[in-house]
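To start, the structure itself, in structure tokens.
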């Protein structure tokens, strides 16, 4: 026990307050996101992003409560610890599922996943489960035991594999848009989506490098009593990543991801038929703006 009746070290005492504050920030961001979704026509993946933000906030709440009891009682309360591990597992799975779905362009560019994209999910999700199991074992194991460093190495390796694998769907989407922009007549719209996917790829790479490498290096170089800043930097970078992702994929009329393709050939044909009265009384077939329904109308 430390002076003042506290059990945690100086580097861990601020963590309980840090986690509860960040939980409030993530919850506020999630509410803003839901408010935005209620005002627009959205895709299912938008609600998945909202579920991720709420799960992240809930996980931080349980994490804060867990550290509070460790600090005041000297041990974790099993019920709160189990709730934290469950929400932490769900948060990790939802994060990588959401990143993979956005990276493949699901719902924004296409509605069907290819076989190789499905294989990414079959690889990443089990690895994420393994990484979370390793994290739980690390949390419940003393640092002096040999299993602690074994599972710590497993967690670090599996986490890097998952982070690397999640980049492949984004690269495939970029390649798909590059090919599409050079073959069909909608090059401008495809190029806009291509730019955004490239920005998203850079965002993921920066997020992975900062949270997995740079933040750890900062933790090593910091004085002992300031090592809680490592967790602060990770949570803030995660919040920034969530906000930027939501901003780029927000449901807005001017968002290139959500603009429906127009059939240019049909628009040109409509103009020709309207200007020339040679085809009066003849019915023609016209596509609507979404390209999915057809209706007949008389050319007057």
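Backbone N, Cα and C atoms are what each Cβ position is placed from, and that goes for glycine too.
TrEMBL annotations: computationally assigned, not manually curated.
Here's what TrEMBL has on this protein:
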| type | residues | note |
| --- | --- | --- |
| DOMAIN | 14-256 | domain 'GOST seven transmembrane' |
| TRANSMEM | 16-35 | transmembrane segment |
| TRANSMEM | 47-70 | transmembrane segment |
| TRANSMEM | 82-108 | transmembrane segment |
| TRANSMEM | 120-138 | transmembrane segment |
| TRANSMEM | 150-172 | transmembrane segment |
| TRANSMEM | 199-218 | transmembrane segment |
| TRANSMEM | 224-244 | transmembrane segment |
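Beyond the ends of the transmembrane segment (150-172), by six or more residues, the same chain brings 96, 99-100, 103-104, 116-117, 120, 123-124, 127-128, 130-131, 134-135, 137-138, 141, 197, 200-201, 204-205, 208, 212 to within a C-beta distance below 8 angstroms of the stretch. Residues 7-8, 12, 15-20, 22-24, 26-27, 29-30, 33-34, 37, 76-77, 80-81, 83-84, 87-88, 90-91, 94-95, 97-98, 101, 235, 238, 242, 245-246, 249 of the same chain sit 6 or more residues outside the transmembrane segment (47-70) yet have a Cβ under 8 Å from a Cβ within it.
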